[in-house]
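As annotated by TrEMBL, active site, electrophile applies to C:His92. Annotation source TrEMBL lists active site, proton acceptor at C:Glu140. The substrate binding site feature in TrEMBL is assigned to C:Asn8, C:Cys9, C:Lys10, C:Ile145, C:Gly180, C:Ala201, C:Ser202.
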4 protein chains.
Amino acid sequence: MSVFILLNCKTYDEGTGANAVKLAEACRDVAESAGVDIAIAPQIPDIFRVASVVDVPVYSQHIDGAGPGSHTGKVYVKAVLEAGAVGSLINHSERRMTLADIETAAGALRANGMASVICTNNIATTAAAAALGPDFVAIEPPELIGSGIPVSKADPGVVTGSVDAVKKINPNVKVLCGAGISKGEDLKAALELGAEGVLLASGIVKAKDPKDALYDLVSLI
Amino acid sequence: MSVFILLNCKTYDEGTGANAVKLAEACRDVAESAGVDIAIAPQIPDIFRVASVVDVPVYSQHIDGAGPGSHTGKVYVKAVLEAGAVGSLINHSERRMTLADIETAAGALRANGMASVICTNNIATTAAAAALGPDFVAIEPPELIGSGIPVSKADPGVVTGSVDAVKKINPNVKVLCGAGISKGEDLKAALELGAEGVLLASGIVKAKDPKDALYDLVSLI
Amino acid sequence: MSVFILLNCKTYDEGTGANAVKLAEACRDVAESAGVDIAIAPQIPDIFRVASVVDVPVYSQHIDGAGPGSHTGKVYVKAVLEAGAVGSLINHSERRMTLADIETAAGALRANGMASVICTNNIATTAAAAALGPDFVAIEPPELIGSGIPVSKADPGVVTGSVDAVKKINPNVKVLCGAGISKGEDLKAALELGAEGVLLASGIVKAKDPKDALYDLVSLI
Amino acid sequence: MSVFILLNCKTYDEGTGANAVKLAEACRDVAESAGVDIAIAPQIPDIFRVASVVDVPVYSQHIDGAGPGSHTGKVYVKAVLEAGAVGSLINHSERRMTLADIETAAGALRANGMASVICTNNIATTAAAAALGPDFVAIEPPELIGSGIPVSKADPGVVTGSVDAVKKINPNVKVLCGAGISKGEDLKAALELGAEGVLLASGIVKAKDPKDALYDLVSLI
């Protein structure tokens with residue numbers, strides 16, 4: 001089984017502009033060295049810049065379902081695709097969407113050959129997201145996001161429960177887990193609980209040395 | 001008085017990615033040739049790409065008030081600044097914001113030395129926006145946006161009324177008008193009504209030859 | 001099988017205040033006479049008034065997931081319960097909610113012994129909604145709402161597809177269909193497609209004689 | 001000068017249903033005894049119930065700008081009017097609205113002869129709100145709401161600054177202040193800073209004896 005790691009830069013200054021490029025280089029180097037898949041989700045204005053200069057899979061942090069047309073300020077799937085993104089987070093806990101918009105956005109990603117990662121907050125919403133047939137669901141209990149307490153330790157049942165619920169509804173959907181993940185043992189625990197990867201942010205982006213932190217993250221797999 | 005023209009690419013395919021670069025080149029060429037200020041607001045994923053290769057003022061179509069931090073998918077002012085934007089639209093009719101967020105976003109632009117253009121829908125909201133002290137307010141009656149019927153002809157009173165209301169509240173705020181503007185006579189009429197520029201989109205972006213359309217736009221000033 | 005009919009008053013003047021009471025009386029009379037379940041969803045300010053004087057099941061048109069506390073202007077489940085509601089629509093196409101909020105609201109209804117009706121727009125979102133375990137999902141293609149063209153005629157596949165998808169995920173969830181339903185033949189067709197009831201609005205609320213229209217609606221079952 | 005006190009029940013259990021009626025009776029009794037204006041804003045499902053049985057001015061906690069029509073779950077001004085409300089809060093910090101919707105809602109209240117109270121968060125947004133010509137603006141620094149620390153003590157400058165800004169833009173608009181207000185000295189201080197009343201909630205609603213708390217509130221004026 002391949003492991004998938006997705007690094008979310010959020011709007012951290014440490015992950016903005018030139019800093020996003022440096023983080024992307026760290027992702028690329030560690031991915032090559034450790035033989036795992038590591039993708040980065042910089043801020044939307046940074047997608048082109050990162051994708052142009054670093055050979056790493058780039059995800060958008062959000063897309064709107066909006067198609068071409070009169071949609072000022074909306075994030076159009078073809079714009080992020082042409083900027084170099086290969087996938088997108090949708091419905092992150094910091095950018096919740098309506099159910100109808102999640103479905104439209106997941107469909108727009110699929111229609112453009114891009115990967116979709118629907119973020120969810122508990123077992124029930126993970127099951128619902130799986131019914132939409134995305135590539136990934138990423139279960140992140142909001143109260144643990146940015147807490148430094150890994151979901152795999154604080155609430156292992158939400159991970160195993162999500163995996164079970166997803167497999168019943170659509171076994172092709174892969175489960176990521178997030179919230180509080182930053183160390184090798186967190187990733188290892190997540191995989192043992194049935195997740196196929198992790199979504200993480202501050203633990204790496206705000207680390208003293210992000211590349212070292214990424215090496216630690218992949219050290220036990 | 002200098003005239004300010006802001007071209008909004010919306011999410012038109014004709015204004016996405018490489019097409020945004022071509023439109024930006026047209027803006028630059030016509031601005032130089034006619035001696036007017038023409039700026040472009042490409043989609044957010046295109047800001048870096050456009051600003052890197054074309055010497056033209058680039059605006060974001062939207063920013064959120066969110067600062068640095070845990071704000072996945074939000075448009076952070078420093079990210080668009082570092083990507084090359086010199087200003088931003090806020091509160092476009094296709095991306096309305098709360099009053100509190102408009103104020104925060106306008107303040108974030110000001111604090112970063114960037115120009116703010118608050119879009120509004122009638123005289124009352126234009127007055128309210130002026131009280132926030134942005135660089136520009138852009139009055140666009142929603143029912144005329146994309147209609148091809150210029151606001152300067154269909155509803156001149158909303159332009160003169162907006163100019164009067166703004167000048168009473170904060171004479172430093174400049175008034176743009178939008179909605180249905182595409183031709184030289186529309187711009188001329190807007191200026192005669194007291195506007196100091198225009199915000200426009202489909203009339204240029206979707207024109208057979210956008211550069212010709214821009215030349216026509218500036219032909220009577 | 002029992003048939004369930006839910007009449008949504010929206011914000012029609014014909015369904016506001018004293019008019020909502022009259023509509024509720026019509027629902028009660030036709031339900032008694034025809035032996036079917038007919039419930040009414042008046043506007044939220046009208047719940048108490050309707051429930052106090054008419055012996056008919058009253059639904060809210062919306063609830064927020066918000067619990068007790070500092071949530072000014074939000075629709076708290078216990079307030080609509082104490083006002084007399086026995087259930088609520090959630091996520092109506094005119095009042096979309098985030099996936100997380102839909103799940104919270106459905107859970108709040110369940111915890112208070114109230115019926116939940118999650119509105120959806122296509123087969124995929126219906127399947128997702130079913131995964132949340134509500135009492136009902138109500139599939140309403142937005143383009144047909146208020147059109148006068150019954151979904152059972154215009155797009156029978158979306159009804160049968162929804163029924164199939166729901167039964168696979170959670171056979172306890174009942175499927176209603178809506179959009180364009182107003183006549184006896186529409187209801188009959190809906191039931192033949194596997195729906196267990198209908199959600200309807202303008203066809204009855206704005207009818208010349210709503211009680212006659214309700215009698216026609218139930219005439220073929 | 002008359003003093004205006006508006007008690008917001010939020011979604012506190014202590015202010016829901018039958019409890020809202022009791023609070024309204026306390027407001028009425030203290031208003032009569034002290035000769036001040038005290039109004040109550042119960043939850044929207046409680047407006048009819050409170051207004052039917054207690055002779056006290058009833059405000060809605062929120063209205064949407066939506067008119068009559070296909071607006072399921074929206075709060076229609078004529079529904080709260082017919083339910084017995086004489087005014088409404090709009091744009092409370094717990095229910096923020098877009099600038100365009102605030103303007104529409106304030107206009108809908110005015111057109112129906114109802115009082116409008118636009119909530120704001122700082123001097124700039126208070127000035128903007130005043131430009132819309134409501135009856136009242138209520139300045140409430142969000143960080144002080146529910147804190148028990150009265151805005152009149154913690155940040156008197158935001159009150160005087162708001163009063164100054166409002167009077168310059170529209171001297172007919174009255175300024176209320178809120179956040180942390182609960183005692184007689186808080187109200188006295190607010191009036192001395194130029195406010196013409198207060199908006200308050202938990203300090204009264206959650207008091208051991210709300211009527212005693214209201215008597216204390218008005219004891220120094």
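Each Cβ is built from the backbone N, Cα and C atoms, and glycine gets one as well.
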(request) Tell me, in order along the sequence, which recorded positions from C:Cys9, C:Glu140, C:Ile145, C:Gly180, C:Ala201, C:Ser202 have their CA within 10 Å of C:His92 (active site, electrophile). (result) C:Glu140
(request) Under 8 Å, Cβ to Cβ, against chain D: pull out the ones among the recorded positions C:Asn8, C:His92, C:Glu140, C:Gly180 that qualify, in sequence order. (result) C:Asn8, C:His92
(request) Could you tell me which three-state DSSP class C:Ser202 (substrate binding site) falls into? (result) helix
(message) For C:Asn8 (substrate binding site), which of the three DSSP-derived states applies: helix, strand, or coil?
(response) strand
(message) Can you give me the same-chain residues 6 or more apart in sequence from C:Gly180 (substrate binding site) with a CB-CB distance under 8 Å?
(response) C:Leu144, C:Ile145, C:Gly146, C:Ser147, C:Gly148, C:Ile149, C:Pro150, C:Val151, C:Lys153, C:Ala154, C:Asp186, C:Gly203
(message) Quick check for the class: what is the C-alpha distance, in angstrom and rounded, between C:Asn8 (substrate binding site) and C:Glu140 (active site, proton acceptor)?
(response) 13
(request) Taking the Cβ of C:Ser202 (substrate binding site) as the centre, count every other Cβ atom within 10 Å, in any protein chain shown. (result) 22
(request) Find, for the listed binding-site residues C:Cys9, C:Ile145, C:Ala201, the residue with the lowest Cβ contact count at a 10 Å cut-off, counting only other Cβ atoms. (result) C:Ile145
(request) Do me a favour and check the Cα-Cα span between C:Ala201 (substrate binding site) and C:Glu140 (active site, proton acceptor); whole Å is fine. (result) 12
(message) Using the alpha carbons only, what distance in Å do you get between C:Lys10 (substrate binding site) and C:Glu140 (active site, proton acceptor) once rounded?
(response) 15
(message) Can you tell me the CA-to-CA distance separating C:Cys9 (substrate binding site) and C:Glu140 (active site, proton acceptor), as a whole number of Å?
(response) 16
(request) Give me the non-local Cβ neighbours of C:Glu140 (active site, proton acceptor): same chain, 6+ apart in sequence, Cβ-Cβ under 8 Å, ordered along the sequence. (result) C:Ser93, C:Cys119, C:Thr120, C:Asn121, C:Val151, C:Cys177, C:Gly178, C:Ala179, C:Leu199
(request) Quick one: give me the count of other CB atoms within 10 A of the CB of C:Asn8 (substrate binding site). (result) 29
(request) Rounded to whole angstrom, what's the largest C-alpha distance between any two of C:Asn8, C:Cys9, C:Lys10, C:Ile145, C:Gly180, C:Ala201, C:Ser202, listed as binding substrate? (result) 14
